[in-house]
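Novice: In case it's useful when we look at the structure, here is the feature table from Swiss-Prot:
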- 7-282: domain 'tr-type G' (DOMAIN)
- 16-23, 80-84, 134-137: GTP binding site (BINDING)
């Protein structure tokens, strides 16, 4: 049995490269749907969706913000995501729980580095999407070029649904190709009134050709449309829309619309497209849920449809510190949840109680008593929940796959300025750790300094700013440092036995393990095969946990060990003799010695860059990148500028924006994202005693 309201629900995200106009689009959506009585502007610092002080001051989105609105009797749960690579976890966790997405492109800049990154993230979760080519009013706007870039860079087929009425400064509206009409947006009421008119005679042939391309795309998903198309019979717009929707749901095509959010043009047709083409939770694929680790590990995952009558299964995808308490954002995939319910956090194996439930409107709340499958809410009272945890009923334990957490690449040493700051710092950092799984904290064993690790300089800058503003903690900061990775160059096998008296008891255990390189980008894999005398299940889990923790702490340098496969060849268990402490001590020391024998080496992060610079400065910029051990991957001429694609070690890119602005006289821009790890140079290996 399903809830009839689910067909009138959409869970969507707004994703794109930074500055493509995501939040500007979101603000118009709230205004035209009646959820907001004014249009907030990013450049004025009063956007509803950018509610953090840092967002308002910097004019960028830092945290994914959830709200809801209504259009054509359909409720839309909307998440506006950041575009900056330092906050990519916000996109990752949003796409993990959303049913669909709207991808925003700039008509001037086109497909940019972070656009490709968020597109790949959407591909990984098979998220259906539609697209808006925004900023059609800007000088240099070229929607045809953007379409061509989409065709070249993405496997999903773009289908142009609009043609522009005017270009650049004369952009006045759009031609709805499928319906055969012009749409303009009144300037007297900030675009709230949409006016229709006939297509000018001189554009008729252009529109007919564009409509033919739409019908061709639809015919791939409807044989009857294909037959009518080949026979030259008329095809109604409703049939075409239904076929296009099927293509969208399979992620094989994406309708593309035109607009200018800042000029209040093109948002209402985009909202119509959300309803017409994107799925309800009922049309989303069933979610795979497995028994928790302490249950039957051999059982096949259950495929749970979106059913309010099914077993409760929800994912905690975001945690905020709200006045010292946890506010946990949930996507409910199956079953229902009420305020006051006692539930199980199956990821951590602990009981939780839901005190209250809220529907979020940015940072404002609307209290609700119950939430059903398919919906997104926030809960208060979940004391243990962290990002990626599964919530279910104790009598029906289930476990969802967690989130893919990118590894941080930049670290920063901090010291409290005053004695009272030293006392407040640990609690403040703990609350920030709740919120952000890409943020890490450790203490330097030699200096005693607190080391913050994050996705980039901006990420850590925001963290330290929040320490001051939200928690009243002042810190001194050092220079940002690269977070390297350890790996091994060869294979090695080692047998280690631990036998020692500790506090009056003999602790004993032995392990034979092998470590081997697994290939760049493969991460860490620990293999613990079954044998004739297997360890008890609890000891197996503790052994794996111990090895994971040892690898995270590093072997020689304190940097995590990665791109290796560790196989437990033998771990004998003798009842009454083998102890947990002895077994784990043997494993820890055995791993250290095996990794050392296998030849430890350091890897450094390499970043993919996309730079836009004036043509006259391109040669100088390329030369400076090559001096930084960079590699040029591509060069594309765009009117009076050059688009440079390159890769360079992160260690060479700190403060690069200032250098680029100096070289280009303030006219150059760049974006970067993590690409891969390469062996660190010899001087770094020597510094850490590995050469």
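For all residues, glycine too, the Cβ spot is worked out from N, Cα and C.
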Novice: Which is it, of 22, 84: the one of these binding-site residues whose Cβ has the most other Cβ atoms within 10 Å?
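Specialist: Of the binding-site residues 22, 84, the highest Cβ count within 10 Å belongs to 22.
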Novice: Could you tell me the mean pLDDT the prediction assigns to the domain 'tr-type G' (7-282)?
Specialist: 92
Novice: How many other Cβ atoms are found within 10 Å of the Cβ atom of residue 81 (GTP binding site), counting all protein chains shown?
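Specialist: 27, counting other Cβ atoms within 10 Å of residue 81 (GTP binding site).
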Novice: Going by DSSP, is residue 81 (GTP binding site) part of a helix, a strand, or coil?
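Specialist: DSSP assigns residue 81 (GTP binding site) to coil.
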Novice: On the three-state reduction of DSSP, what should I expect for residue 136 (GTP binding site)?
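Specialist: Residue 136 (GTP binding site) sits in coil per DSSP, no helix or strand.
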Novice: Tell me which residues of the chain lie with their Cβ under 8 angstroms from that of residue 19 (GTP binding site), as long as they are six or more apart in sequence?
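Specialist: Listed in sequence order: 83, 106.
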Novice: Kindly assign residue 19 (GTP binding site) to one of the three DSSP-derived states: helix, strand or coil.
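Specialist: Assignment for residue 19 (GTP binding site) reads coil.
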Novice: What's the number of neighbouring CB atoms sitting within 10 A of the CB on residue 16 (GTP binding site)?
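Specialist: Excluding its own Cβ, the number within 10 Å is 27.
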Novice: Given a separation of at least six residues and a C-beta threshold under 8 Å, show me what packs close to residue 136 (GTP binding site) in the same chain.
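Specialist: Residues satisfying the criterion: 107, 143, 164, 167, 168, 171, 258, 259, 260, 265, 266.
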